[in-house]
Every structure is written in structure tokens, then in C-alpha cells.
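The compositional bias 'Low complexity' annotation in TrEMBL covers 10-33, 57-77, 96-105, 112-121, 128-138. As annotated by TrEMBL, compositional bias 'Pro residues' applies to 40-56, 85-95, 139-148. As annotated by TrEMBL, domain 'Zinc finger Sec23/Sec24-type' applies to 346-383. As annotated by TrEMBL, domain 'Sec23/Sec24 trunk' applies to 420-656. According to TrEMBL, the domain 'Sec23/Sec24 beta-sandwich' annotation covers 662-746. The domain 'Sec23/Sec24 helical' feature in TrEMBL is assigned to 757-860. Per TrEMBL, the feature domain 'Gelsolin-like' maps to 886-933. What TrEMBL lists as region 'Disordered' is 1-209.
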Amino acid sequence: MGTENPGRPGFPARPASSPFAAAPQTATPFSSTGAVAGSDPPPFRPTAMPPPPQAPSPFSSSGPPVRPGVPGFRPAPTGTFNDPSLPPPQPPIANAPPAAGTFQRFPPPPFSSSAQAPLQQRAPFVGQPSIQQSASQPPSFPEPPQPQTPFVQMGPPPQSTSPAPMGSNVPTPTYQPSFPGYARMQQPPPVHSSFPPNQGNYGPPPAAASSPFLPHQGGYAPSPAMAAPLGMQPPGSGPPIGGIQGLTEDFNSLTVQTRPGTMDPLFDAKELPRPLDGDVEPKNLDDMYPMNCHPRYLRLTTSAVPSSQSLASRWHLPLGAVVCPLAEPPEGEELSVVSFAPASVVRCRRCRTYVNPYMTFTEAGRKFRCNVCTLLNDVPSEYYAQLDATGKRVDLDQRPELTKGTVEFVAPAEYMVRPPMPPVYFFLIDVSISAVRSGMIQIVAETIKSCLDELPGFPRTQIGFATFDSTIHFYNMKSSLTQPQMLVVSDLDDVFVPLPDDLLVNLSESRSVVESFLDNLPSMFQDNVNVESAFGPALKAVFMVMSQLGGKLLIFQNTLPSLGVGRLKLRGDDSRVYGTDKEHVLRLPEDPFYKQMAAEFSKFQISTNVYAFSDKYTDIASLGTLAKYTAGQVYYYPAFQSAIHGEKLRHELRRDLTRETAWEAVMRIRCAKGVRFTTYHGNFMLRSTDLLALPAVDCDKAFAMQLSLEETLLTTQTMYFQVALLYTASCGERRIRVHTMAVPVVTDLGEMYRLADTGAVVSLFSRLAIEKTLSQKLEDARSTVQLRIVKALKEYRNLYAVQHRLANRMIYPESLKFLMLYGLALCRSMALRGGFGDVPLDERCAAGHTMMVLPIKRLLKLLYPSLIRLDEYLLKVDLKSIERRLPLTMESLDSRGLYIYDDGFRFILWFGKGASPEIAKNLLGEDFAAELSKAALSEHDNEMSRGLVRVLEKFRNSDRAYYQLCYLVRQGEQPREGFLLLTNLVEDQMGGNNGYSDWMLQISRQVQQ
């Protein structure tokens, strides 16, 4: 998780003014003419002499107390835990060091080498006394501790603190960060550091190496000052040589404690990292590459490309990118549209990269060098401009394509295979008896009619309708008619299209006929008792109508297809299939017809959105294939009833119809020689090795791709990526939206971890895991997620195994501190969790289809939703105060409170048993005492009810892609409370699922094996 650092001049060098500045370069890192401390620790170390009183240390019992009024540290008797004689950990003061006490600074002694200049003495931090030590005093060494030593439990960090900026060049504050450990700092060279190698250990460390920074306030690891415990030291390696040559801890860590009264290890649940602020977009390259596109368009799993294949092989997390090409611009920013007419778009003639801020101009502005392939190109005469004294074009301020990472070009005629298509909307609606009874038809008709004025592309927009049960019904809506004409096709084996020219009409010309049809549609089939579904033949007939233009097909399906081609059978009821090699077949399309139709749709620029409504099996695995290969989307409403779910359908259909859409689009992402994108994940059809066909795409869809190195060694310092989306805008213009990003090429694995992006990693993880469920068992997909996390943390641990004491500690980079929790949440998501009895097959498949297209922010919220206490705020008008999210655990729920759970797709209101009856009465009216599954939430005439409505509206407005229906549940109301809320508290152990603490302990053990 990156943090903006405006003071950072460059990458990756650290300025000399850093608090971690090394000794002068004349000293070699591991050589000295004096005695070498800790160079080869023997297996048994005799008891050292008591340290001289002139060398006090933070934990020395012979010197002055480390904190006024608190006795020195005394090891407790063997076998005791949480000894009350230990000083309790003091709560850190945010952003300020303590006035005196625990953190004391000792200037390093001069080296005895005549060739070594003495280290420059630095002034102590404010509030830290500088304790002088005589240069003639030898460094003191600690006495080995007792075999069993109590751990002092670390208290929870204050909410107001936050980690230091990553890669920061300012002194690290001495408060405890938001999580024990340190924000990831760039690793300094292994020379004379002011940090001791035994940070966090008790016992008097060498005075000359005492550190003002302790990684765990109040936590003590029971190990000697310099030697690793028996059996833990890596073979052929030792601790840092020299008592004054420690290394900084550039990682966060958790200390494994012991459960009181037992020998069971555990992590303190209060110390575990949680993403209570949601997704935070990375900003760690803003200073280095200020002209990069915004992260909401393009995010890499790590903003540092490995320089070699061997380095890439040690990065066990996905290496790739997540692209949301049509994401809504950040607030306050406008997208620049550039036209080169009458000339063509300026591009590199070899690699076809579009002009961007990282191209350089030479030879007085007559040539430009491509930043991707380094080819020197001629500047077109229409684009020529002189260069100023600094080598920049004099018209730079008038050229947004040379100053902004995201820009849109107006494409000339050579970018068109055919004239730009108009926006086309075709509706295929199931009118069988179950669809009529659910009320779906009426909601759909009303919503479409209300959106006619807002459909993009007026006055070019085209529209058409067809309905089906056991037959197919087309509607002639020619503008000369006053009422639409129904045309029935009953031959399902040889489908044909009557009047092909009048079934798709211009909306502005036939508006009155379209409105008449929508008014009459619900009553036309209100007495229909047909239970059959000729969905397959209807799909073929619609394809014949739309193939001339393309467009968006919206399918409203309520009954399992039962007639003609594409008919499906009931499956998924056999629990014996789960856990076997045949389990994944249930999540694949049963009939290849649907994939074949999807390929035809994509070829003719038809995108398909599937709205599925049923209280029975609908085979989302087969129907969802239509959306998967046509850049579409699946909306699933199980057991749909218009009285309950109607509002959700209205809002989501309205957004689908009115959001800005890119038509007949193709997308490609370019990168420099030596790397290439190899696999792509999302909803699209791959037209060539790297060209994604997207018949219709919008701001709510994201795509992921994996990167691989083609060359053994990269020689460039910077890698450039450029996403180009060529599409037809609803206004009829052909456009090219271009996003450009530059990232450094690194030779250090630690830098890859420091610049990692948890959101992008989890997004790629989820797509890979869901695709794995289509070929293997659910358990295999979950195991793969855990295994890759373990491998990554193990590799990261190996970076520090020699320099630091890591026994009883789990370490991880600051940038990936939430990865373990998101991995657990992914394994417990609806798409991956459990087996046959845990999630209905259709719901599991629908969740998988949804997660495959979600942008990062929305996906992370689905995996780790918001849990917020409401009763304390309902009488307050200030909605800004309702921001404090709670951990997803039962311990967060107070039986006297009212809480809201929000995963971006639904709200769950939880009423505690001890909550005031006035709260329920004000919010629910007369239904407050009834079973909440039968109660409805509506606005009542009181301030508390109006406050709740405002709160729900605020949450809904924060992200309009989906509409959250509100479900009510009372504490103890089973099984409703269990399947609505308790199952989704991902930090708690539930059934066979691990809780967060157990999951972390399991990963920690595997990492240390």
C-alpha cells in the first residue's frame, strides 16, 4: 500500500541526510581492525560479566531505570506468563517520540582503524536525551536469557496513527505504527548502521549499538542478543558481524505468543492488520513518474519490473496488471480529447505506440524517440514545434498528450472497418408463467420506458424487442404504425425472421410505437400458463436480427431452457459429485451451443448481458457463457419477487441502459521489448495473441492480465506500458483512449515487494482461482491461493533470515500487510467456499462471473465488507462521522447496538437483542416486534428513520454500479442470522472454515518449515 512522498528526490537511491545514513565509504561493511563481535558464536556461551555501569541500556538492570518510576526488567520464573511485575506497554503518542525513557540514543564509538574516520555524531531526536559513553569502554554483551520467558502481550495500536510513508527519507517516528513493525523502508547498504541486530530482545545489548527505534513496544523476543537459537540458524550463515553493524528492519512483523495457561501458540487478534480504510490506490511512483495515468485505469501487481527471469521466478505472486479502460475520471479531472485532423494520430512507426509524455524530441524538434522501442521517428510536419533551451517543445502546455498519462484521440477514417455503428439495444424477454408470476415483466417494461430519454446516442439509437415461451414473438415497430404488430414463429427447428427490416427501429422515429408496446407488454401475457422455454431458438433468431449492426442484447431469463437447440437439463443435485474429479464439470456449460453462439455474437459486435430470475435451477454456468465471451455481464436474482427485489432490478437495469458505453471496441496493451503479456482474464474474446475483442464495454468492467519476461536479462532502467482502447463512442465518433504508465526495472527482490499493490494482486488471484474451479475441485483452488501466499512470504523471509532474528516472528512487507486477510476472504467467498451444501450451484457460478469483471475497489469491498455501528449516529445529522469500520468478527457486535453490513451488493441491518425497543419501533413502525424476515424497511415520520434513510442513500451513492437491498435480521434469529451475517464474518471460525488468527498461524508455520 503505497504512500505519497513528495520529498523523495529519486528512485531508488537514499539521500545522505537519511536517518539511516551509512558510515563513510572508507570502511568496509564487515571489516575492522578491532575485535569482531558475534563473528562465530559458539553453541554454548558462558555467562558474561555484568556490564559496566557507564554503559546503560534500555533493559539494563544495573543502570538507571529506562522509564522514571518503573523498575528494570527482570526475567520471570520459568513457566510463568504475563508476569504482573513486567512494566505494562505504554500507549505510543501519535507522531511524536516520548519525552524520555525507553527510546534513548547512544552515539556510536569511533573505530579503532586508523583508515576509518569517526562516525559523525548526530543530534538526538527532540525529547531524547543523548547519553554519552566513553570511547575507551568496550561494548558490553548480554547475558543469555532463561530458556522460558514470558511474552508481554502487545496492546492494540491507537486508531489515529498510521505507518510511515514507504520509502520515506524523513526520520521514522518513534510511535508504534498502525501495526507492530515498521513501514517498509528501502534497504540501506549493509554497513555500519545505528540499528542493533537484536531489536526487540531483552537483555543489555551493546551500548554502542543501542537503537532509538524498537520494532515492538512492549514485546520481547526470548533470544540472545547476537546468536540465533539452536536449530534456527541458517546453515553456512551467521548474524551480522560486528557489534555496531546492525541492519534496519525493513518489514512489518507479528510475534507468535503463547496462550495463557497452555503451550498453544497464537497471534494477538487485536494486532492483526485489517483494511478498515478499504482499497487505497498506490501513489508510490507519483514523484518519480508524475505523468503516469491514474491508478484507477491501470494498476500493476508490483510497480517494479524484475530485471531478470531468475528474479521473476522468485516472485511467487501473480506478476501482471489490472486494467479498467473506461473507468470514471477522478473527481475534479476531465478527460482530454485530442484531434490531429486532417493528419493522422502520431505513433511510432515500428511498435505502433501512441504519442505520450515519455517520448522525447530531438534534432530541433524534427524527430522523436519512442519510449517503448527507442526507435527515432520523424515528426509529421503538421505536428512540428521548436524546442526550448531545456529540450522541451514550446507548445507543451497546449499538448495534453505530452503532459497527461490518459488522453483520448479522435481516430481518422483509417481506423474504421465500417461506418461507426449507432447504439443498439435489443431486449429478449422470457414470458413464461414463472416470469409473469414473479412480476419481472412489469418491472422491466416500466424501467425501459423510463430510460428511453436517457439512452445514449440520440437521435441515432436503435431499439428492438422479442419475447419467448414455447414460441418466439417478434414485434414490428415501424414508425408508420400506431400499434406494434406481433409476429409469432413456432417452428423451432428452422427459425426464420419475419420482416427483418422493421424489427430493429430508430427510437426517435418510432418512439410512440415503442412506448405503446411497453405499456401493453405486462397485460399481453398476464394470463399465460406456458411453462416451456425456447430460449436457444430465440437466441438464434435474435442473432439474425442484430448481425447487421451489432449492439447490446439484454436477456431476461426466468425458466430453464427446455425446447429446441440449447435445451438444458437439471444438474447439480448430486452431492456425491462434490470432492471428486467430476465436480468442476458442474461449473462448465453443459451444451457447447452457448459458447458457439457467444463466438458468433462477438464476431458481429454483439454484447450480451444476462438477467437471470428463478427460484429453481437456471444453469448460470451455461447462460453465463454468453456474457463471458462477449464482454457482457451476469445479473442474478434468485427467487425474484417484484415486491421485494423490484427496486434492485430497476436501479441496475437503469444503470446498464444509461451508463456511457464504448461500442465495437478492441483493446491492446503494449510494453517494451523483453516482456509481454501472456494470459488474459475477464469477459472478452481474444482475437489474436494480444487483441481483446469487446463488442461493448463500460466503466464497470475490469480486465486482468499476466506478464512474463521473454529475455533473460533486461538492460533498460524503465519499463513502459500503454493501454489502447479503440472504440466507437455513442455520438458516432471513432475514438482511441490511451493510458500510459512508466515503472522502474529493479534488480532487488525487496524492491518488488516494497512496491507491491495488494489490490492488484488480490484481483489477479481471484480471477485465477475462479478459473481454476472450472478445471479442478474447489479445495484445489483454495489450496493454490494459500500455497502461493506461503511461497511469497517464505521468499520474503529469506531476504532477512541472515540479518535479523526471526524466530517466533512472522514478517511481511508493509505493502502486503492485508494480503493474508484478503486471501482468507477469497477462500471464504461465495465463489470458492465450502462444497455442495454451502452455496447453491447457480449462486456460486453467478458470483464467479461477477468477480471476473469487478474493478479492484469493488472486489476488495466484496471480499472484506464494511461493518459499521449505526445506533450511535442515527440522531446526528453529520454523516461524515459514519466512517469508522469495524473488524468482521462477532466481537465487534454489541448486543445493545444496531449495525450495518455492506458488501457493495446488499445491506444487512443487525439488531442486537439488548438494543432499545425505541430504535426498532422508530425504524420499523408497527412491524418492530414481528419476525424481521417479514418486516419491510421504509421511511417513517421521525428523525431516526429519516437519519437511517440518509445513511443508506449516502452508502448507495458512493458506488452506483449495484443497488444494495436492505435485509433485516435480529440477534439470535436462526437460521436467518447465520446465513445472512455470521457466515460472512470472515475473521471468525465458522464450520470448517479457519478464522483469521488460525489462518495466520497456519501460514506462519508453513512459512517457517
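Just so you know, glycine gets a Cβ as well, placed from its N, Cα and C.
Annotations in TrEMBL come from automatic prediction, not curation.
On a predicted model such as this, the values are computed, not experimentally measured, just so you know.
For the domain 'Zinc finger Sec23/Sec24-type' (346-383), DSSP puts the residue distribution at 6 helix, 11 strand, 21 coil. As a quick check, the domain 'Zinc finger Sec23/Sec24-type' (346-383) and the domain 'Gelsolin-like' (886-933) miss the bar of 3 or more Cβ pairs under 8 A, pairs 6 or more apart, so the two do not touch. For the domain 'Sec23/Sec24 helical' (757-860), the partner stretch with the highest count of Cβ pairs under 8 angstroms, out of 420-656, 662-746, 886-933, is 420-656. Summed and averaged per residue, pLDDT over the domain 'Sec23/Sec24 beta-sandwich' (662-746) gives 96.
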